[in-house]
Structures are given as C-alpha cells and as structure tokens.
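> Sharing a structure here in structure tokens format.
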Amino acid sequence: MNGEARSRVVDQEAGSTPSTLRDEDHPSRQRLFGCLPYDIDLNPLRIVMAELVGTFILMFSVCGVISSTQLSGGHVGLLEYAVTAGLSVVVVVYSIGHISGAHLNPSITIAFAVFGGFPWSQVPLYITAQTLGATAATLVGVSVYGVNADIMATKPALSCVSAFFVELIATSIVVFLASALHCGPHQNLGNLTGFVIGTVISLGVLITGPISGGSMNPARSLGPAVVAWDFEDLWIYMTAPVIGAIIGVLTYRSISLKTRPCPSPVSPSVSSLLR
C-alpha cells in the first residue's frame with residue numbers, strides 16, 4: 001500500500017473525508033511568513049486565540065448589559081445579567097467548543113488539569129488568553145459606552161466571607177455539571193450541550209449576584225480590576241472559584257466512582273477543519 005492509499009485509510013478510519021494532502025501541505029504546518037526557515041504548528045496558536053476571542057465575547061456581553069442599563073439611568077437587573085451571561089456562553093460554546101473546549105474560565109482550566117486529564121502544559125496559555133480576552137473586552141466596553149471600568153467590577157455586597165463562600169459553592173455547582181457532561185453518560189448531548197452549560201451559568205449568576213456580583217470566573221473579575229486599577233477584595237474572586245471548581249470535579253469523581261481522569265478532548269487540527 002503506497003503512502004497516498006495509507007493516508008486515505010487513516011482518514012476514513014478517523015471519520016474524516018479522504019485527503020491526499022502531504023504533511024508539509026497541511027495548513028496547520030504551513031509557514032506563517034516566507035522569511036522563516038521553519039514551519040509553525042498553528043494548532044496551539046488557534047486554541048489560544050479561540051479562548052481569547054471566546055472570553056472577549058463573554059466579557060463584552062457582560063459589559064454591554066451593564067453599561068446599557070447604566071446609561072439608561074437604571075440599575076442592572078439580576079435576571080437580565082444572568083440571561084446575558086448564559087446566552088453569551090451558549091454562543092461561545094457553539095462557536096469555539098470544538099477548537100479549545102471553551103473553558104473561558106481559569107478555574108475550570110485548573111480544575112480539569114488537577115482532576116480531568118487536561119495537560120498542565122496548556123494551563124498557562126489558557127489562563128493568559130482568558131485574562132487578555134477579559135481585559136481587552138473591558139477596555140473596548142469602556143471606550144464604546146463611555147463608562148467607568150469600575151461599574152464592571154465585582155464587589156461583595158455584604159461581607160467578604162459571604163461573597164467568598166457563595167462564589168465557591170456556585171462555581172462548584174457549575175463545574176460539577178461540566179464534569180458530568182465531560183465524563184458522564186450524557187457526554188454526547190450534541191446540540192444541547194451549549195444550552196445546558198448556558199443554563200447552569202445563568203443559575204450560578206442568579207445565586208451569586210446579590211451577594212458577590214456573580215463572577216465565578218477569575219478572568220471576569222480580573223479584567224475590570226486591571227482596567228480600573230482597583231484590586232480591593234479581588235482575592236475573593238481569584239481564590240474562591242478555583243477552590244470551588246476543584247471541589248466540583250472532585251465531588252463528581254467521588255460519587256460517580258471515577259478512578260481515572262477523563263480523557264482530554266483532542267482538538268481537531270486546522271487541516272481537518274479545512275478539508
């Protein structure tokens with residue numbers, strides 16, 4: 001069997017359409033610039049960009065609903081905030097879920113690295129992309145709507161202790177469901193996955209909004225804090241979601257008797273997307 005035939009067999013076994021592209025012709029291995037003497041693998045780059053763009057969409061949507069309400073002279077309604085966060089997650093999951101997994105949240109990335117089989121080597125890349133996306137979205141939101149960045153920030157409405165524990169508990173609920181979708185018998189929900197994730201995000205915002213501002217995401221809180229240069233009580237939103245996410249994964253693995261990490265989904269290559 002020649003090389004072309006073997007390539008067709010491998011493609012058919014993988015469920016993709018047959019392709020006669022050589023390795024050096026695959027878009028994921030092309031040279032970005034002709035002056036470079038080596039090929040660059042585009043897969044890590046596009047995964048990082050997917051997380052950055054996805055987090056940008058999520059954060060800009062949040063900035064939009066907060067700013068629009070502020071400009072209209074009203075107060076941000078909890079239901080509007082929850083629906084906006086949930087719908088934006090639905091959009092992003094369907095847009096980039098097949099590329100990066102659509103974590104959009106450093107706490108989810110860390111929790112899946114600890115217990116879910118996600119490679120630690122990619123954790124810094126994901127967190128950097130998520131933080132940059134949230135910060136860029138806040139900057140754009142401030143410029144577009146002409147508001148102060150501090151209205152995007154998350155602050156405890158009651159005590160720091162209450163905010164800490166409500167963020168921890170809500171994040172554990174969100175990640176508990178995410179673990180079930182990733183590892184459980186319902187991992188093949190197909191087109192319903194995005195709506196399920198978006199629904200639980202909305203639930204989390206409804207639970208946490210009156211107490212902590214509804215973050216459950218270190219990047220979502222860090223972006224506005226950096227732009228406003230106000231880091232008061234930021235430690236709550238940096239630590240509680242991470243601890244809660246780890247508890248969520250650990251709880252699911254304990255009650256489902258999972259003894260091994262769930263396999264991390266393999267992101268498709270650029271070449272397979274373009275065939």
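Even glycines carry a Cβ here, placed using N, Cα and C.
According to Swiss-Prot, the protein has these features:
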- 1-11: compositional bias 'Basic and acidic residues' (COMPBIAS)
- S272: phosphoserine (MOD_RES)
- 1-26: region 'Disordered' (REGION)
- 47-67: transmembrane segment (TRANSMEM)
- 76-96: transmembrane segment (TRANSMEM)
- 127-147: transmembrane segment (TRANSMEM)
- 161-181: transmembrane segment (TRANSMEM)
- 192-212: transmembrane segment (TRANSMEM)
- 231-251: transmembrane segment (TRANSMEM)
> Which bits of the chain, at least 6 residues beyond where the transmembrane segment (127-147) starts or stops, bring a Cβ under 8 A of a Cβ in it?
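Distant Cβ neighbours of the transmembrane segment (127-147) are 48-49, 51-60, 63-64, 66-68, 70-71, 103-106, 109-110, 218-220, 222-224, 226-227.
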> Can you work out whether the transmembrane segment (192-212) touches the transmembrane segment (47-67), with the criterion being 3+ CB pairs under 8 Å where the paired residues are 6 or more apart along the chain?
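Contact between the transmembrane segment (47-67) and the transmembrane segment (192-212): absent, because fewer than 3 Cβ pairs are under 8 Å.
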> Can you tell me which parts of the same chain pack against the transmembrane segment (161-181), counting only residues 6+ beyond its ends and a CB-CB cutoff under 8 A?
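The answer is 107-108, 111, 116, 187, 189, 193, 196-197, 200-201, 203-204, 207-208, 211-213, 215-216, 233, 236-237, 239-241, 243-245, 247-249, 251-253, 256, 262.
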> What else in the chain is close to the transmembrane segment (76-96), if you only count residues 6 or more beyond its ends and a Cβ gap under 8 Å?
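For the transmembrane segment (76-96), the far contacts come to 50-51, 53-54, 57-58, 61-62, 64-66, 69-70, 102, 104, 193-195, 197-199, 201-203, 205-206, 209-210, 214.
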